[in-house]
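> Here it is, the structure in full.
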Amino acid sequence: MMKSQKKLLIKIIVVQCLLVLCVTSQDFDFFYFVQQWPASYCDTRRSCCYPTTGKPDEDFSIHGLWPNYKDGKWPQNCDRESSLDESEFSDLISTMEKNWPSLACPSSDGLKFWSHEWLKHGTCSALNQHAYFQTALDFKTKSNLLQNLNNAGIKPRNGDYYGVESIKKAIEKGVGHTPFIECNVDSQGNHQLYQVYLCVDSSASKFIDCPIFPHGGKCGSKIEFPSFSTNDDHDEF
């Protein structure tokens, strides 16, 4: 009797483990890969602080790689026991400092930001820490947003305004898929290019057409693409 109960218990545990693995690996439909324009983060009323590693380049930076459902909802914090382990991705840190900096105040080295992204989104991705961060870095290189915009004559310059559809078409031409453009408002009340959303398949292997676009962050027909190249010797923008 005890043996049969023991076997049954083992079977239940195995099934539960398999179910957990299944949910972890399949319980979302696609990723949003989100990049932000640093000038548009910094010139709002809340301002920003440059990382301890120095002012970032004038280029789009990674915000995150976020698992999502086709109904617009998303999973988050899928493993509350997880914690960021710097040793797991130590070979990526210098590249992440350049391409995935934190502009939040107070100034930081990025670890707090990366930890937030990993715990909230990465733990739902079915990727380990190294693969999660490496994948996001790879998609930034593939998307090449700034170059695609420059190729269309869309360059960061204060006071110039561009059509949102022109921005979308320039990115679509380079990436092959239509992005979602999120805007915010600068300290003078001007709408500006803030974040670009592209969609990635659930295996994190390629860009795809977005099953659904986010809500919020709507833009006018023309928006500013502010410069981030002005010299500034202060830590706070």
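Cβ atoms are placed via backbone N, Cα and C, with glycine included.
Swiss-Prot lists these features:
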ACT_SITE  His63  active site, proton donor
ACT_SITE  Glu117  active site
ACT_SITE  His121  active site, proton acceptor
BINDING   Gln36, His63, Phe113, His116, Glu117, Lys120, His121  RNA binding site
DISULFID  Cys42-Cys48  disulfide bond
DISULFID  Cys78-Cys124  disulfide bond
DISULFID  Cys183-Cys219  disulfide bond
DISULFID  Cys199-Cys210  disulfide bond
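Map the listed features onto the structure and describe their local environment.
DSSP classifies His63 (active site, proton donor) as strand under the three-state reduction.
Under the three-state DSSP scheme, Glu117 (active site) falls in the helix class. Residue density at Glu117 (active site): 22 other Cβ atoms are found within 10 A of its Cβ, drawing on all protein chains shown.
The Cβ of His121 (active site, proton acceptor) lies under 8 Å from the Cβ of Gly64, Leu65, Trp66, Pro67, Gln76, each on the same chain and at least six residues away in sequence.
Annotation note: Cys42 (disulfide bond) sits in a helical segment as assigned by DSSP.
Reduced to three states, the DSSP call for Cys124 (disulfide bond) is helix.
The number of other CB atoms found within 10 A of the CB of Cys219 (disulfide bond), across every protein chain shown, is 17.
Cβ neighbours of Cys199 (disulfide bond) (same chain, under 8 Å, six or more residues apart in sequence): Phe30, Phe31, Tyr32, Phe33, His177, Phe207, Ile208, Asp209, Cys210, Pro211.
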> Can you give me the Cα-Cα distance between Cys78 (disulfide bond) and Gln36 (RNA binding site) in Å, rounded to a whole number?
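Between the Cα atoms of Cys78 (disulfide bond) and Gln36 (RNA binding site), the distance comes to 25 Å.
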> What is the maximum Cα to Cα distance, in Å and rounded to a whole number, among the residues Gln36, His63, Phe113, His116, Glu117, Lys120, His121 annotated as binding RNA?
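It comes out at 18 Å between the most distant Cα atoms.
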> If you compare CA-to-CA distances from His63 (active site, proton donor) to each of the recorded positions Cys42, Phe113, Cys219, which comes out shortest?
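Out of the listed candidates, the nearest Cα belongs to Phe113.
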